[in-house]
Amino acid sequence: MGLQPLEFSDCYLDSPWFRERIRAHEAELEKTNKFIKELIKDGKNLIAATKSLSAAQRKFAHSLRDFKFEFIGDAETDDERCIDASLREFSNFLKNLEEQREIMALSVTETLIKPLEKFRKEQLGAVKEEKKKFDKETEKNYSLIDKHLNLSAKKKDSHLQEADIQVEQNRQHFYELSLEYVCKLQEIQERKKFEFVEPMLSFFQGMFTFYHQGHELAKDFNHYKMELQINIQNTRNRFEGTRSEVEDLMNKIRQNPKDHKRASQFTAEGYLYVQEKRPAPFGSSWVKHYCMYRKAAKKFNMIPFEHRSGGKLGDGEVIFLKECTKRPADSIDRRFCFDVEAADRPGVPVTVQAFSEEERKQWLEALGGKEALFHSFNRAIIPRPEGSAQLDKMGFTIIRKCISAVETRGINDQGLYRVVGVSSKVQRLLSMLMDVKTCNELDLENSVDWEVKTITSALKQYLRSLPEPLMTYELHGDFIIPAKSGSPESRVSAIHFLVHKLPEKNKEMLDILVKHLTNVSNHSKQNLMTVANLGVVFGPTLMRPQEETVAAIMDLKFQNIVVEILIENHEKIFRTPPDATFPEPVSLSASPPHAPPRQSKRQGQRIKRPVAVYNLCLEPEDGDGPNPCKEDTFTSCLDSPSSPSPTTAVAHGPPGTDRNHLPDGDWASAVPSQTRPSMVQWLNPQSPTTPSVCDPAVPPSSPKLSAFSFSLPATGADKAPESVVSRKARAVYPCEAEHSSELSFEIGAIFEDVQTSREPGWLEGTLNGKRGLIPQNYVKLL
């Protein structure tokens with residue numbers, strides 16, 4: 001039962017029960033006062049906690065925004081770029097969420113804390129003041145009555161009448177105060193129901209608004225979240241394929257490490273312990289050095305390096321070899337030793353120690369010492385064994401048979417081409433397909449003896465067994481480049497152009513296969529084989545580098561992207577001619593892994609190597625000059641000292657000129673190198689200039705990009721482009737000049753005024769007052 005009402009008539013009786021009812025009302029208001037006081041305290045704690053949470057969320061968002069993933073290689077896929085950018089998106093999401101939380105925290109103060117404090121102060125505080133007055137008047141009234149009743153009846157009538165009037169006036173005042181107090185008590189009991197609950201409603205409305213804003217942010221984020229999930233899945237799929245390839249390569253190297261040594265610019269290189277002689281009392285010490293030897297120059301570099309001291313690199317020493325002699329076992333108390341004698345210090349040999357007898361023999365052979373074995377220290381790339389699969393009439397028949405069977409029987413099978421068949425059955429089917437007699441008898445479309453997964457595995461195995469991948473070793477690097485940079489449209493155009501450079505049989509086979517894969521992807525709702533999934537499966541099948549290295553395997557994801565582009569743009573790539581304005585890029589596959597192509601020792605002539613053949617003549621920018629594509633003006637255009645912007649180049653050729661019938665290097669000399677647009681310019685036509693070597697966005701240690709990522713400044717009297725900034729550089733490898741235009745230098749040499757060169761992969765710099773060419777990958781920009 002609730003509180004009993006306070007009747008105004010009871011104020012005149014002021015009975016004990018009336019007083020009990022008043023005390024009940026007062027106790028209820030006191031409880032309400034304490035509750036509101038505690039609620040205000042909790043509300044302030046809630047605001048403080050909200051602010052702490054907001055600060056923690058903002059710090060978390062700040063950490064997300066500042067972190068950046070590093071990647072292996074020289075470029076990222078679009079999926080990886082989206083994953084990298086996701087941290088910033090998450091940060092922005094949290095930032096927007098915390099902005100809404102701050103609004104909510106402010107609303108809690110304004111809509112809950114302040115109204116409750118006001119109600120407690122103005123309403124409950126007023127009742128307390130009324131209670132004090134009521135208690136005071138009660139005390140005064142009944143004290144006066146007691147005193148009045150104690151008056152002697154013997155007093156004068158006038159005195160008694162005056163006392164009666166005073167008592168009556170006091171009683172009336174008490175009744176009036178009692179009425180007001182009772183009214184106030186009941187009023188506040190009713191008022192608290194809305195004065196207290198209304199702020200609570202506003203508080204919850206603010207919370208609902210915050211959560212609604214969060215819901216709206218989540219809805220806006222949902223589309224990005226779905227795309228990011230696809231990016232993550234694609235990257236995971238590519239990772240699985242890359243990991244298996246890396247593990248295979250690791251196992252091959254583990255079984256036979258000598259056969260998988262990378263090609264090197266040095267005849268021999270590795271660790272040797274070098275004896276350093278000290279004064280007589282101290283004897284000698286042996287210090288580990290990383291040694292490199294070039295046979296042509298007889299230059300022997302020694303760089304002290306200690307792994308245990310955190311990889312500290314010391315100052316190197318260079319000697320020019322005069323002779324190398326094996327140390328007899330009885331002449332020194334250490335094994336595997338030999339002496340190296342410098343040409344400028346005859347009779348003062350340097351004693352070095354190899355790690356094993358086998359390594360000593362290899363060093364002796366490389367240095368021309370005694371007991372040399374016919375054994376190459378650095379092995380050439382081992383070609384893959386050629387299978388019996390060929391791109392002949394039989395090969396086309398096999399591929400068509402398999403494709404027809406797959407499209408007839410299993411186009412909707414889940415995991416098509418991803419689920420592999422039993423190895424023994426796949427080999428048996430391949431054997432039958434590659435036999436002319438049994439191949440014609442096989443009816444794969446209607447046969448129940450061969451599962452679809454066996455047929456798909458046989459098709460992939462056949463393509464992998466070709467002597468050369470379908471997209472060739474020669475164009476492998478060129479196909480990878482557009483997948484690493486540029487807009488989606490420029491990538492399609494670049495790959496479109498390169499596909500039409502493939503040998504005719506390769507292009508025809510690729511057309512048949514990609515058309516089939518397009519059909520497979522069109523049924524992805526049933527077979528779950530999206531374009532991305534097919535790229536993961538067929539990237540390593542259609543493309544592979546000639547040399548198996550970890551760096552090459554890191555490009556596997558870009559092979560997948562190339563295949564995805566082929567599938568998504570099959571009709572355009574195979575049914576229409578490529579864009580005539582696309583510049584033919586430099587082939588990267590034939591370049592050495594450590595150095596760019598160099599000049600020959602014959603002045604003004606280049607050694608035979610893949611050059612950038614752009615097949616270009618240039619139109620004047622203002623349109624008023626003669627058309628250089630006309631036969632009578634072609635030569636004068638090439639000889640002109642001024643060069644139009646590379647972006648105005650159009651693809652033509654000298655009339656009547658066939659590139660294939662020109663001597664080596666003549667076509668390259670027909671068009672000045674500084675007028676040839678680079679691949680980066682073509683992939684990013686909106687960019688006025690290509691990145692310079694000094695641009696921090698272009699890694700100087702990326703030899704694969706060297707042919708495409710540098711602007712081409714003029715030398716001599718010509719001005720360098722505005723994008724080129726002179727820098728200093730330090731040599732990280734020694735180099736011996738093979739031509740008068742090149743610089744020779746040792747490790748640690750400092751170059752001044754370093755700029756990009758006309759030669760792809762080369763820089764120009766000044767060393768000791770002499771200016772010349774520097775291999776880009778031999779130096780580090782400062």
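Glycine is treated like the rest: Cβ placed from N, Cα and C.
Because TrEMBL annotations are produced automatically, they should be read as predictions rather than curated entries.
Since this is a predicted model, take the numbers as computed values, not measurements.
In TrEMBL, the feature coiled coil is placed on 225-252, out of the ranges 225-252, 589-616, 645-672, 673-700. A mean pLDDT of 83 is what the model gives for the domain 'PH' (265-372). According to DSSP, the secondary structure content of the domain 'SH3' (724-782) in residues is 3 helix, 30 strand, 26 coil. Remote same-chain partners of the coiled coil (225-252), defined as residues 6 or more beyond its termini with a Cβ less than 8 Å from a stretch Cβ, comprise 77-80, 82-83, 86, 89, 260, 532-533, 536, 539-540, 548-550, 553-554, 556-557, 560.
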